[in-house]
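Student: Relevant sequence annotations retrieved from TrEMBL are reproduced here:
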TRANSMEM  20-39  transmembrane segment
TRANSMEM  51-69  transmembrane segment
TRANSMEM  81-101  transmembrane segment
TRANSMEM  183-202  transmembrane segment
TRANSMEM  208-231  transmembrane segment
Amino acid sequence: MIDMHERLAGFGIAPKIFGISSYTLFVALGIVAGLVYYMRDAEKRQVKGEGVIEIISAALIFGVIGSKIPIILEGGSFQNILFGKSIVGGLIGGYIGVRLIKKKMKISLKMGNIIAPAVALGMSIGRMGCFFNGCCVGKVGMFGCNFGDGQLRYPTQLFEVAFHLAAFFILHNQRNRVMKPGILFRYYIFSYFIFRFFIEFIRINPVIWVGLTIYQIFSVGVIIYMGYGILQESKSNVDKLQ
């Protein structure tokens, strides 16, 4: 099963609300919540600068494109590619988009410390859509939820909700204490991909290479890249203190 947001047959916790699929509803609520949080926090901090609109636009556009890549690499059908989305690919794509637009426009503005809790909040709400939709489920286990196939499966969507919600509160509290501009987003991405690497072992995504899923392979790359960047920044801070 690939991360294409199709619910298992017979699952009906809340398949539709007011004629709108629960997945679409919660994803939309997550996006709105994240944007509202960011705009209110940015206004309080009087965050202004050239390129804010361009940065957000690049993140959204590249995020959508990136969300399709893992599905394509897994050999998904045209319908799955068209309608399916991957959080892993979306986060990577959004990050690349921001880096590219900032380099092209020579933008020095760093918004990561505000964006990080906004993204975490949006993710925690959006993942509820996956749960109600019955997609992105876990393997059969000793406990869990019946997603329509008559077996108890690990509710991995709820595990992700818990992770992102905890990350939101931590990032929200830390954003006033961290001096390094933009570093919180790196911490968030780094920690999420470590979490995602391990949660994949109890999900039902297909193994494609050396016992790993496509999401674990992407996760390893991001962990190495982000870990190296965080380490370099830590060394830079130590050198400045000496």
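Cβ atoms here come from the backbone N, Cα and C positions, even for glycine.
Please treat TrEMBL annotations as automatic predictions, because they have not gone through curation.
Neighbours and distances for these, please.
Tutor: Packing against the transmembrane segment (20-39) from elsewhere in the chain are residues 5, 7, 13-14, 114-115, 117-119, 121-130, 132-133, 135: each is 6 or more residues past its ends and has a CB under 8 Å from a CB in it.
Remote same-chain residues near the transmembrane segment (183-202) are listed as 88, 91, 95, 112-113, 115-117, 119-120, 138-139, 141, 154, 156, 159-160, 163-164, 167, 171, 174-175, 212-213, 215-216, 218-220, 222-223, 226-227, 229-230, 233 (criterion: CB distance under 8 Å, separation of at least six residues from the stretch ends).
Beyond the transmembrane segment (208-231), the same-chain residues lying 6 or more positions past its ends with a Cβ under 8 Å from any Cβ of the stretch are 3, 70, 73-74, 86, 88-89, 92, 183, 186-187, 189-190, 193-194, 196-197, 200.
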Student: So what's near the transmembrane segment (51-69) in sequence-distant terms, Cβ-Cβ under 8 Å and 6+ beyond its ends?
Tutor: 81, 84-87, 89-98, 100-102, 105, 107, 109, 111
